[in-house]
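K.L.:
Before anything else, here's the structure in question.
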Amino acid sequence: MARSHNFSAGPTAVPLEVLNQAYDEFHDFAGTGMSIMEMSHRSPIFRAIAEQTEADLRELLEVPAHYRVLFVQGGASLQFAQVPMNLAGENGSVDYLHTGLWSGKAIEAARQYCEVRVVASAQGTGFDRVPAVQDWQLNPKAAYLHYTENETVHGVQFAEPPASEAPLVCDACSSLLSKPIDIARHGLVYAAAQKNMGVAGLTVVIMDPALLDRCHGFTPDILNYACISDAQSMLNTPATFPWYLTGLTLQWIKRSGGLQVLHQRNQTKASLLYETLDGSDGFYRNPVQPTYRSINNVPFRLADQALEAAFLREAEAAGLHGLKGHASVGGIRASLYNAISVEAVAALCEFMGAFARRYG
Ligand code: PMP
């Protein structure tokens, strides 16, 4: 079977073992004569899948026992609105760190619901870093501080969670499960599944129950974290198939050795690529300051931008897919999520070296 090397920013590659298991169970799940897709979300079989998925997620991320884990729809984009709707409080002011395209979108969405203070922005330097902590204008009375752990477009990643007196809210869409994260330092963490932990259609929200009191009346029940939590994420029909596939992916992560092992592998992949970029005598260039370089998404340009179309065309022909940069920044981007092998990244680096020798 021919499987391509897929560097897409998401949806992206799913581990082959997961695809194979889903394929085997597709028509007939565990002798029921039904596909998971055809089963009631309230059936004992689906409930068991849902419970196992939550248990595995809690185990992998070491989620504090009292925290709630919600499985919702609408992608991480819905969380941009759902977070302020639920957590801003009456006349609340909220703090946001602006480190790239996705935190910018979160800020714009929150502005529709409450007063947003941008405590620091890296826009002035082209989103090449996390702004220095001493320059942050934090409001200790903010309803929360929001940050984007990994900026998927700009390739900027926090070295550690920000210190904050206000509850910390994290968009971990492109990094959750690619490395360990200290959930207990956060009031709420959210991520859509289609990058490191599953497929599109499912979004995970992990939250400190202390914040549930804020989820007040004007938020519709279907978007209200307290109502969703009370209904065990089954206030309405959930995305059962993505939930199941995410469950299979979490089991694959456990079999692979868990987050420490995956983190090491992800660091190895990122180092390979950054070494190739930095060792190219300026043929390729990643603009991000080394401390904040992402292990999940690596954007880069060619010094001669006119060569980028040929780069992408020849990469495709060599079986290296999904490398086109986000439309807002152009250039090239390689996403190195959990299901991307070291061998795939080595193949990319080899291609890059050969391309630079040919055109450099
Ligand atoms: N936040 C980040 C950091 C992202 O990378 C993305 C998607 N690329 C989103 C939010 C939006 O996610 P979704 O498409 O699931 O709404």
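Each Cβ is built from the backbone N, Cα and C atoms, and glycine gets one as well.
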K.L.:
For the pyridoxal 5'-phosphate site that TrEMBL describes with Ala76, Ser77, Trp102, Thr152, Gln194, Asn236, Thr237, which of these is also annotated: Asp135, Asp171, Asp221?
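P.N.:
The one candidate that TrEMBL places in that pyridoxal 5'-phosphate site: Asp171.
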K.L.:
Using C-alpha atoms, which one of the binding-site residues Ser77, Thr152, Asp171, Thr237 comes nearest to Lys195 (N6-(pyridoxal phosphate)lysine)?
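P.N.:
Checking each of Ser77, Thr152, Asp171, Thr237 against Lys195 (N6-(pyridoxal phosphate)lysine), the shortest Cα distance is to Thr152.
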K.L.:
Give the sequence-ordered list of residues that share a chain with Gln194 (pyridoxal 5'-phosphate binding site), lie 6 or more positions from it, and have CB atoms under 8 Å from its CB.
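P.N.:
Long-range Cβ contacts: Gly10, Pro11, Thr12, Ala200, Gly201.
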K.L.:
Measure from each Cβ of the recorded positions Arg42, Ala76, Asp171, Lys195, Asn236 to the atoms of ligand 1 and list the residues where some distance is under 6 Å.
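P.N.:
Near the molecule: Ala76, Asp171.
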K.L.:
May I ask for the distance between Arg42 (L-glutamate binding site) and Thr237 (pyridoxal 5'-phosphate binding site), taken between their Cα atoms and rounded to an integer number of Å?
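P.N.:
Arg42 (L-glutamate binding site) and Thr237 (pyridoxal 5'-phosphate binding site) have their Cα atoms 9 Å apart.
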K.L.:
Would you find the one among the recorded positions Arg42, Lys195 whose Cβ has the most company, meaning other Cβ atoms within 10 Å?
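P.N.:
Going through Arg42, Lys195 one by one, the largest Cβ count within 10 Å is at Lys195.
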K.L.:
Using DSSP, would you call Asp171 (pyridoxal 5'-phosphate binding site) helix, strand or coil?
P.N.:
strand
